[in-house]
Ligand code: KG4
Ligand code: ZN
């Protein structure tokens, strides 16, 4: 590491993962420590906000130490402290924000506020340089969006879900099929075990719309499950999982590629927890290869929540010297376009 290297320590606590990372010059991960609370929340079938906050409090201090240790850095080599400001659970966000503010104050370093979805999108920059204009397909537990990036950190949402997010639909369908929380990986696995798919609807919406809707699909799955139960038939879980997954992927991939074409994007970026889906990754890679669309897909560890992606997005603000004040507030519904 040379004298000019910019090392940003980032903190992410927006939901049920506590994470601290150190990233050099916005692209080189020196450490990315993630502690998942999934085991704690599983018995409740979803994230319990109050418990999430308490768990973040328990882990954050040792995780900051661990991230610095793994990065083989002392605090005097840090250039800035970054933190997720939103969107997310307000109590969970607050823990990260308080930790980041304290560090920034004690070390006399600038504080950088980051939008969680900007982080998911800039996880791609940790894989390879992003070329503009680009289209990002953001699919996470709380968001499903097609985002147009005209230039670095200039986001325009061209389509979004009108009801459930893709990850949310996965989790609800998994619950109906009696799979553990979070359901995404379980549905993904089960879908690969079926040799045929149960027929499921696709919500294309208006012909020119980039919006998504997954609630009709979710209801179709629930109806299938209820009908099987009423008739006393064995549930064809794998076939249902495959039908559901094929419907979600078909709509996501088709709309993303239409956006790439219409906006003359030079790259398609995949982002968010659902980007860990094997079926989606395979289908998107195949279609992009056929059409000659350059695709970036982050490795699994950078798809689900982590602080390295927050540091990568923070680097853009570092370059513009766009720093936050120490009275920074958590914003549970932070807007991506004005961030
Ligand atoms: O981005 P993320 O880690 O958290 C949010 O910011 O929301 O996304 C979590 C979501 C969960 O709904 C989870 O079920 C889903 O990502 N997920 C998956 C897979 N792995 C995680 N969904 C489908 N297939 C997967 N393999
Ligand atoms: Zn996320």
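Glycine residues also receive a Cβ, built from the backbone N, Cα and C atoms like all the rest.
Please treat TrEMBL annotations as automatic predictions, because they have not gone through curation.
Summarising the annotation, TrEMBL assigns domain 'Gcp-like' to 29-311. Residues annotated as Fe cation binding site in TrEMBL: 116, 120, 305. Among the features that TrEMBL reports, substrate binding site is placed at 138, 139, 140, 141, 142, 171, 184, 188, 277.
Feature map: TrEMBL annotations on the structure.
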residue	record	contacts (Cβ under 8 Å, 6+ apart)
116	Fe cation binding site	12, 14, 84, 86, 87, 88, 305, 310, 334
120	Fe cation binding site	138, 140, 271, 272, 303, 309
142	substrate binding site	15, 87, 88, 165, 167, 168
184	substrate binding site	167, 170, 171, 174, 273, 274, 276, 277
Env. residues of Fe cation site, Cβ within 8 Å of mean position of 116, 120, 305 Cβ: 12, 14, 84, 117, 119, 140, 272, 273, 306, 309, 310
Structural state of residue 140 (substrate binding site), classified by DSSP into three states: coil
Listed binding-site residues (140, 277), ranked by Cβ neighbours within 10 Å, top entry: 277
Within the predicted model, mean pLDDT of the domain 'Gcp-like' (29-311): 97
For residue 305 (Fe cation binding site), the number of other Cβ atoms found within 10 Å of its own Cβ: 26
Residues among the binding-site residues 138, 142, 184, 277, 305 that border ligand 2 - Cβ under 6 angstroms, in sequence order: 305
